[in-house]
């Protein structure tokens, strides 16, 4: 029932109802100014009183009703666990809140009603404007049609009569406007709506219904709840996405604004390589801007592409930033420590390297100084790795000796010995004079900048000629004191001991001149002389301490290996607590065998040691990878070499195991020297230690023999090698190993072809024989012809074919040889273009085996 009917029945008796319904509208607001009105119906329970009047207002409650209400309040308070006063206070607060909500809803309803009226007025004005525009268009169209009709036919009589009837039609909208105004006036007066007004509302409803709305999807998306309907949407906050978009637009505007807003220049840290995405983050720039800049430079790169430090510095400079370049090698900064002060230095023992040609008596001389017999224990009587010893003289002075090999294969060892030494003793045999390795030792000593003391050995032999030695040394800028120079020369004999005291005195004098000092009270550093894998002890490195004191428990880094020093052992096998400057010791505790020549340094912590070794391992792998890529020829290059007739190198793969790292290195270098362009010995794996099963499996997969130098294979490896057919060769002298490899490489060389001339034959007649082809009837004009020999067909002294002789017959018999002046029949292999008058040249090819020099 409507409010109008309720007001009309106010004079009579109100009907008795249980529930009163009050309806209202709630406006739901959306973004972009859109809104939606929703009808909300609230049901209120009407209190029933004991006595009622006709006016519907209840009278005062009876005492029994009041007692009942009080009893209900007491029961409800007891149920909720609160007092009656608290319950009444809560009810009062709820009633006040309901009153406030009703007041707020009333204000909102009034505001919405005003907005509805304003919107209705705007819609009416827009409708009137559209109708006026349509009427104007219709009028112009009719005028144009009238002009065209008048021009087309002036004789028609019916046209002028039809034209006036078209004018009232154009005046129809004003009538409709009048009806609409009349309908609106009737509605405003509260009376019933007339039929034309209802038709006008229906037309407007259809027009609004057919008009598409932009917010249909948005209005249907949200679900209306009572909380959202009663809530105040006037203070809606912006979403985070909207705020982010606004900030992005503002930043784009600033970037596009040019130089109006200068960007802050920051310092960018650049490693050796960096991705564009990481570079953009460090510059606080967008990745798209960096990629766009590279595109302008002609580089099609993506965000995850890597650029070097130079390119990254160029990019950062273009964006107005400064750079600070860092490198992975920075982890080694400060590794060697600072220089020592003069007041901290103390005298140390000189380090003397004995160098010279093989079999000139270097080790025997050292044995005479040490009163030992090291040479007797050397395989083949030659030294094959560096020996480090410290000798105490009768005067109490100490001298550290390094005994280097004299064989040509140990060039690297001699170079390391010269670099780690203070004084070089050049040993020259009096009966053999200067030899190639003597010259090489002189070059190493001069390159290292160390003084030389010449020791002329074997001077007690009957064919000794020390004067020739001194004269030959003049060719290499070694001028001894006897000839007006500064180099000391001493004649010694290791067998009789003659001249040993003079030699030690010369070393002491030279050490005093050099003023050798070191600081023992600092962290130690030195050089690795030799390394090996010892069964039961693990990796063992022979170390020569240069500065500081190496103690047990120190954390050391040696090349790409690190470890904690577990034990220090001298050359006599005694355990040491520490090792001072110029003292050679064996160090146990490393995680691997370092390369000879690597520096060994004490560091503060295991973390620092791991960081340094990881960097060195990465660097070593990178260098090895670059070398393998450079050495590996692509398929196109190989095909081009074959097409050009170039020689393709044949390789002999070898798995090499040695007792010490220096021996493995020396053998590898010697194998490289005996290799040629045609054949090459390639060490696919060279390591220290015994032969294991993994070595056998590697040799089997590579079809390579295993060369063992002073090491042996365990039982499991021997059994596996026998099953797999892998050859293991054992050597104790480097000469024998190199000779076997040289013989194997010689067998891989292609034989040399040598051609021998046999004779000439003239073609007198050509016969065509079935199943044989063309046969030439010839006369031998010079030399002889042999069956199966090589032939060349000459026509006008031009070679037109080269091949082999297929048949050689005299009359009907097959013969092996035809001499000069005799006639015979010849046929060529897979060639028939022979003519009368051609000449045949016969020759024989011999293959001669080649050997490596």
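Cβ coordinates come from backbone N, Cα and C, glycine included.
Feature annotation (Swiss-Prot): of 381-385, 386-390, 391-395, the stretch labelled region 'G2' is 381-385.
As annotated in Swiss-Prot, region 'G1' covers the listed stretch 356-363 rather than the other ranges in 348-355, 356-363, 364-371, 372-379. Of all ranges given (403-406, 407-410, 411-414, 415-418), Swiss-Prot attaches the label region 'G3' to 403-406.
Look at the region 'G4' (457-460): DSSP puts its residues at 0 helix, 1 strand, 3 coil.
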